[in-house]
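Here the structure comes first, spelled out in structure tokens, and everything after it is commentary.
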Amino acid sequence: MDKGLRFVFCVVTTMLLLRESSQTGEKNDPKMVAASKSGFVTDSRGPEEGLPTLTVTTILEDPYVMVRSAELEGYCIDLLKALAAMLHFSYKVKVVGDGQYGAVSSNGNWTGMIGEILRQEADIAVAPLTVTSAREEVVSFTTPFLQTGIGILLRKDTVSQEMSFFHFLAPFSKETWTGLLFAYVLTCFCLFLVARLSPCEWNEPKNEENHFTFLNSLWFGAGALALQGVTPRPKALSVRVIAAVWWLFTIALLAAYIANFTALLSSGSEQLPVQTFEDLVKQRKLEFGTLAGSSTFYFFKNSKNPIHQMIYEYMDKRRDYVLVKTYQEAVQRVMESNYAFIGESISQDLAAARHCNLIRAPEVIGARGFGIATTQASLWTKKLSVAVLKLRESGDLDYLRNKWWETSCLHKSRDRWSPLQPQALGGLFLTLAIGLALGVIAAVVELSNKSRHAAGHVKKSCCSVFTEEMCTRLRIKENTRQSQETSGRANA
């Protein structure tokens, strides 16, 4: 009995030790050190009988290919699984040995994933590999599975600047402010004109004083903008129509201004002095660079644009300081120093989604795509292209994009603030215009009614009386001066 218990105890102890040793080995190898030594990572879809097996080269980059629990996962791994299921092949995945995408070295040989395909160390490359003319000359690419461009990744607190002296004007665009000024002057003029024409507001032009002068009309309109009641108070229906429409316009206008100004204060996008690549070249506060040997670097090298040439010359002269080796190093440097990273916009969107203190500048240049690289004259190129198109048409590529680019920033939408354009207030301006037209029509109707009654007493035509009334009211200043001069001479 004692021997049996002793045997069971030894067996249990041995199993526990083996399990602990296995867990320790996994912890010491989270980045697949053993995989890099052997060169291959066995994926969940291993070789199957009767199915061709492809050797796939890739690169570790979040979220395309990542190591989780000693296995590979990410956008490209999900894409590879979908393609394998559609085209019925198995695969073995290996991480590129030198950690490069692919560029021509000084000795004329290709590095990175492109070099491994040329040396027949891999059949295809499934990674965020940009389709370029130089690479297309030595390998073949499928239809792009992701579209991207070249952008600028910045840290918000690094590029933010003090608000300008006239920052309170920022909630509205220049066109909107111009339209508001025109609407204010036109409304005040309509108040002045309608108050003169309306007999309900000004019955006896020769004996009464008109309180709605042009200056008083301007003051009345300004008081409405400040939500304050000012004199003179309108009496005629026509004047009240214009006043009511103007009050409605100002209330909606102030609400839009306050809401947009609040969004501006909580947003950082308007405080970005680096909006374009030209702004990046002109400033002196930030260093900027890109991935060494990447397609982005050679884009600026081959570009004929003067701004792009200045960027390339800066990076080339300071390549030991501004060029980075990996994408993760670039993001870390942007977060910890005064550094701007020039790279793929789609990867920068991911960094901004994961790190809420990062932001991508608005300008994106050099539209390009990520494709699957194969050997030239490979039978798999067209098959993979057709499969990628089917995945795009079925919405699977969009699903993968949303899955791996999910943001963790709760207030990301605030960074998309923009000044309010006149189109957003188009209905408000239209309402004001209709109100002004109704006020003028009401004033003309009121004056016509009075002219019709007066024509019956003086036995004149309605049109002649209406014309006399119109001239009298529009020339009241001259008549007043003449009457004041006459009364002055009589008193003398």
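Counting begins at 1 with the first residue displayed.
Note that Cβ sites are derived from N, Cα and C of the backbone, with glycine treated the same way.
Because TrEMBL annotations are produced automatically, they should be read as predictions rather than curated entries.
Residues or ranges marked as domain 'Ionotropic glutamate receptor C-terminal' by TrEMBL: 53-407. The feature domain 'Ionotropic glutamate receptor L-glutamate and glycine-binding' is assigned by TrEMBL to 63-119. Per TrEMBL, the feature L-glutamate binding site maps to P128, T130, R135, S295, T296, E344. Marked as transmembrane segment by TrEMBL: 177-199, 237-259, 424-445. The site 'Crucial to convey clamshell closure to channel opening' feature in TrEMBL is assigned to V274. Sequence annotations record features per position, and here TrEMBL assigns disulfide bond to C356-C409.
For the L-glutamate site, the Cβ centre of P128, T130, R135, S295, T296, E344 serves as reference, and the other residues of the chain with Cβ at most 8 Å from it are Y101, L129, V131, T132, T148, S294, R368, F370. Take the recorded positions V274, S295, C356: by the count of other Cβ atoms within 10 Å of each Cβ, the lowest one is C356. Taking H, G and I as helix, E and B as strand and the rest as coil, DSSP gives the domain 'Ionotropic glutamate receptor L-glutamate and glycine-binding' (63-119) the counts 20 helix, 15 strand, 22 coil. Of all the recorded positions in the record (P128, T130, V274, S295, T296), the one with the smallest CA separation from C356 (disulfide bond) is V274.
T130 (L-glutamate binding site) sits 26 Å from V274 (site 'Crucial to convey clamshell closure to channel opening'), counting Cα to Cα. Around the Cβ of R135 (L-glutamate binding site), the same chain contributes G102, I114, L129, F141, S295, A373, each under 8 angstroms and 6 or more positions distant in sequence. V274 (site 'Crucial to convey clamshell closure to channel opening') and E344 (L-glutamate binding site) are 17 Å apart (CA-CA, integer value). Considering only the residues assigned to L-glutamate binding, P128, T130, R135, S295, T296, E344, the longest pairwise Cα distance works out to 17 Å. Of all the Cβ atoms in the protein chains shown, 22 others lie within 10 Å of the Cβ of T296 (L-glutamate binding site). Sequence-distant contacts of P128 (L-glutamate binding site), defined by Cβ-Cβ distance under 8 angstroms and a gap of at least six in the same chain, are I59, E61, Y64, C76, L146, E344, S347, F370.
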